Amino acid sequence: MDTFCITYNNWNPKKQKLREALCTLGNGYFGTRGAAEESSNDSINYPGTYLAGGFNRAKTKVGGRDIENEDLVNFPNWLCLSFRPGGGKWLNLEEVEILEYQQVLQMRKGILERKFSIKDQDGRITRIHSRRLVSMQNMHLAGIQWHLTPVNWSGELEIRTALDGTVINDNVARYRELESTHLKPLGTQVEKNNILVLQVQTTQSRLTMAQAARTRLFHKGKEIRSEFEANQKEGYIEQLISFKAEEGEKYNIEKIVAIHTSRDRAVSEPSQDACQNISRAGNFQQMLKDHIDAYKFLWHRGDIGVIGNKKIQQLTRLHIFHNFQTISLNTIGLDVGVPSRGLHGEAYRGHIFWDELYIFPFLNLRLPEVTRSLLMYRYYRLEEARHAAKKEGYRGAMFPWQSGSNGREESQILHLNPESGNWIPDNTHLQRHVNSAIAYNIWNYFIATDDKLFLSHFGAEMFLNIAKFWASKTTFNKKENRYEIHKVVGPDEYHTTLPGSSEQGLNNNAYTNVMAAWVLQKALEILELIKKSRKRELLGNLTIGNDELTLWKEISEKMYVPFLEEGIISQFDGYEGLQEFPWEEYRNKYNDIQRLDRILEKEGDTVNKYKASKQADVLMLFYLFSRDELQAIFKKLGIKFTEEQIKNNVQYYKERTSHGSTLSRLVFSWILSKFDEEMSWENFEKLIVSDFEDIQGGTTPEGIHLGAMAGSLDLIQRNFAGLEVGDHALWINPRIPPNIKAISMRVNYRNHWIYISVDKKKLKISFEEGWSNEVKIGVIDTLHTFQVGEAREFKLSPSRAKGK
Ligand code: BGC
């Protein structure tokens, strides 16, 4: 088994949409699903191409109301390539006999390969070997190469190559009642050298995309100059190339495509730039070479070796790969965030949620320049967030739960329950905790990189705005002498209101409250960290006076944290009054109860009534903070919180969580690692296959879950290799689980590249290169100073107790 490959040895129409998502190729600028070149949108296939940041808004009438949604647009399908023998039918795998079929995602090289032989209705056998790339080197380019052999026939052969802009957003069945046409055709033309050009524009955001394609035919290395015929209709252009094919001969068909948009940097006019790029691009082989080189560097930075478990190794690489398809070095400066479902499908409309919280830990230590760019996406939307806060009567900045083009709140007002067919009001936008996630990300980017310029300028400005928001969002409860936060929703989206209440939102979601206290504590710390002049500037510009700073300190020491009996943190006020959920009964009644909210709504009930969570909520605190950090936060709040309590809280909520989000297993795997290694591993195993096996039964074909993918990588580095990123040292305290032999990885800690390899007995560390000649690395509980070029080995004792 080559763990750099995902191999499918058959054509399976039922699984095709899942495979398309898993075989998506992208380069951080655009992504294209792994659909067959000859296919188009139907019940089996869904070709989709998505541009990072390529959004459009459209209105639909639902129940008499105008609903506006913003979608990541499915842009024209550039894949279109097919063939037919003279007088035959165009290739369709459903209509021929498939003699052999193999599809391989070659992750090391970033290539999708298909090899198949088919026999048509007239007994003609044709073999095709197709290879495809989305260039990691030149982000505007993509290419397909077909080696086609008429195995037992000679005669007229026709190739059809096209650019299809008549596509709509049709990947997600439950969105189908909503407006899904986002593209307006702008024109098609055939340019010099038989270059096809298609231009489209999004209907509302007026983003123009030009695609240019050149298809050439070679035989024995020589170009065959044959008959070209171009057909054009609105939004679609195709070329038919016909030639005389000889039995047993191999023909090489190459389609090179360039994609440019009005949203690009360094752009004059997209179609001119696309044509220019195509004419400069070499042939497929040359493109391939540059592309593979770019991948070499990416893997050098990003690979994680998992020795002794091929399945986990393969899926680890799949997760690294899809992170790179969505966010790579090409992403830098594109003014885009991380869509939670990648550039792989249309679920959640390509929106950006809080999932960066799970994604950045992997990125920070490998492509920190990319994290910085992704944080800038938030910075450029600070004004919109300030406006949102003001509109609701708050100060500072209130970032949206779902973000898209300009940082407006993009959460839907109504969503469709596919189980019942009902449209239901959606109040999940009250997840104000996204603000703390952004602050947390800023801080952790800084800790991992020591990027003081970023922190003192952009980072601090965002951080202080978020702190200001939290201070204005709290209310003082005189009786309790504590500050409270009302009308919010926590990460557990199942609970948006108390049963029977007409109010939206809940009071004192513990996770939200503690995070807000942390933000306020950290904001004060950051003000002491940055230069005095910058502090003066910021406080002046943001009109933050001494009173405000005093208030921040007070709130951070007096934030209310609700508790149930015996030291269990209450998820929110009123949680104690909810009913216990009959888990057993529902597990017996339904196969899959991950989406309890939908099941209960269909039954005329509501999940709001029960002590049943979609995903980790209170427990997020134990995921984001180490025991020591958390105890420090609680100490400031004047609350005693022991290790025993952590364990009891984990136990309490573990029994009340349905894991309706793939993020949930991730959090559980981490927090359980301290108390129950077996259960932790079970959760890790579920997590790592969640997309590959589509464990939610149909969600992966609508896009991969990038948070879960990147989170699984973070678990390997944080849990198994035991990395803890400190501000003075990188700490390593490994514990390799029984089902793995060893782990290796390269990390960039504060501009120092460090190679780590660890098995059950020893840990090897080498400090390869860095901005300074020294780096501090803590091994278990002892601090060491490494000189550049130095490599050391440490013995590990199996009985050692783990971490802080
Ligand atoms: C989860 C959220 C997550 C979103 C996007 C939802 O199902 O509940 O926490 O941010 O998916 O991944």
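Quick reminder: no glycine exception, Cβ is built from N, Cα and C everywhere.
Noted in TrEMBL for the protein shown:
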ACT_SITE  E493  active site, proton donor
BINDING   W354, D355, K614, Q615  substrate binding site
DOMAIN    7-263  domain 'Glycoside hydrolase family 65 N-terminal'
DOMAIN    317-713  domain 'Glycoside hydrolase family 65 central catalytic'
DOMAIN    724-782  domain 'Glycoside hydrolase family 65 C-terminal'
Excluding W354, D355, K614, Q615, please set out which residues of the same chain place their CB within 8 Å of the center of the CB atoms of the substrate site, keeping sequence order. F353, P491, E493, S661, L663, S664, G707
Can you grab the distance from E493 (active site, proton donor) over to D355 (substrate binding site)? Cα atoms, rounded to a whole Å. 14
Mean pLDDT over the domain 'Glycoside hydrolase family 65 central catalytic' (317-713): what is the value? 97
Please work out the number of neighbouring Cβ atoms within 10 Å of the Cβ of W354 (substrate binding site), leaving out its own Cβ. 23
K614 (substrate binding site) CB neighbourhood, other CB atoms within 10 A: 23
The domain 'Glycoside hydrolase family 65 C-terminal' (724-782) resolves under DSSP into 0 helix, 37 strand, 22 coil
Among D355, E493 [recorded positions], residue with fewest other Cβ within 10 Å: E493
Non-local Cβ contacts of Q615 (substrate binding site) (under 8 Å, 6 or more apart, same chain)? P491, D492, E493, T657, H659, G660, S661, L663, S664, V667
How many Å separate the two farthest-apart Cα atoms among the substrate-binding residues W354, D355, K614, Q615? 16
